[in-house]
Amino acid sequence: MTFIEEFIYKGYLNQCTDLARLSAITQEAKIAAYIGFDCTATSLHIGSLMQIMILRLLQKHGHTPIVIIGGGTSKIGDPAGKDVTRKALTQEDIKRNAEGIKKSLSKFIKFGKDQGDAIILDNAEWLDSLNYLDFLRDFGSYFSVNRMLTMDSVKLRLDRSHHLSFLELNYMLLQSYDFYYLSKNYNCILQLGGSDQWGNIVIGADLIRKISGKEVFGMTTPLLTTASGAKMGKTAAGAVWLNEDLLSPYDYYQYWRNCEDADVMRFAKLYSELDIVELNKFESLVSEDINAAKKQLAYELTKLCHGERLAKLALETAVKIFEQGDIDENLHTFILAPEILQSGISAYNLFYNANLARSKSEARKIIRGKGAKINDQLVEDENMTIDTNFLRNRKVIKLSVGKKRHILVKV
């Protein structure tokens, strides 16, 4: 399959400025294409995984992926997809977040200076030195305010009478300038992004066409939700982060292992690197044994993010817990000060402190609803005292909420 054929087959396509022309060009020559990530957190989460897989797909087909870390644009904040103004980030926040995002991306993308290697850039390199008056003089006349106000990212805020600052309105100008800069200096002809980026991408393509007459393209991916309508990347317990310092490989594995039945085949197409033959076999497995398919999906995606060794460890840990009823030391752990356990702590307090409940009242509710276990034994009394007598021979206490959330308490 060609790059565009595989892009469509995997379910990545939402809109394209000229799909037929882009398909022809990518078959005739190798191109450079870019995706940007703003520095809003210390790690990317699975909400960005489709964009990351597209970067891998570009690399697979011999094209050059360019990753833009938004060290400059993060100082403003993209209004796209937001009802309220984003909280301003400090320079220290942006720098720390940029390093974390580079770590996330390096798990999936090969960066370097060899042919086919991805390029990573920080738009602060050119935006920080941009003179405002010069920018207005040289580029201001190319932007239509009338058109900017019709873009969904702006129009939705205005229609709801929500605040939209002049600062945020400038974001699409700077993103457009990014595309222009990459087109001029890296011969980049394609910008990719989520569906909420369509307006920004089109304005950038128009800017390049007006200034240089160069043919460039924009392509967006669909907004993804789970089969039940939940937003990708978020769970009741928090975001599904790609960096292991924020989410353990075991918990990452468990997220995919516990996905809805209706999502299994779709996720395999979107997020795995199984080829067509393997996907056809996997589709048969989904029909025959959904749990076996979920285990394979979770293993494949964890291997891609965390490597084969940690993926196998996560799989083995899950088998021991769910199929053999054993305690495994590789479970996520919570360290409790020895003096607390020596003097005793109430059951609901322990579950709350171990982050198995968002509040003490929720911990009480879980126990009252018979959803909590200690060392695989149902907790009947929320106020029961947990002390050193509950430590098992490996000096741990196993806490469980429902069938799928487990943690080891160590002292």
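Including glycine, each Cβ sits where the backbone N, Cα and C put it.
Neighbours of GLN175 (L-tyrosine binding site), defined as other CB atoms within 10 A of its CB across all chains, total 28. Annotated L-tyrosine binding site per Swiss-Prot: TYR34, TYR171, GLN175, in sequence order.
Residues 69-71, 74, 86, 89, 93-94, 96-101, 103-105, 224, 231-234, 239-243, 245-246, 255, 271 of the same chain, all 6+ positions outside the motif ''HIGH' region' (39-48), place their C-beta atoms under 8 angstroms from a C-beta of that stretch. Residues or ranges marked as motif ''HIGH' region' in Swiss-Prot: 39-48.
A mean pLDDT of 74 is what the model gives for the motif ''KMSKS' region' (231-235). The motif ''KMSKS' region' feature in Swiss-Prot is assigned to 231-235.
The ATP binding site annotation in Swiss-Prot covers LYS234.
Among the features that Swiss-Prot reports, domain 'S4 RNA-binding' is placed at 345-411.
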State the three-class DSSP label for TYR34 (L-tyrosine binding site), counting H, G and I as helix, E and B as strand, and everything else as coil.
strand
Please give the L-tyrosine site's span as the largest CA-CA distance among TYR34, TYR171, GLN175, to the nearest whole angstrom.
17
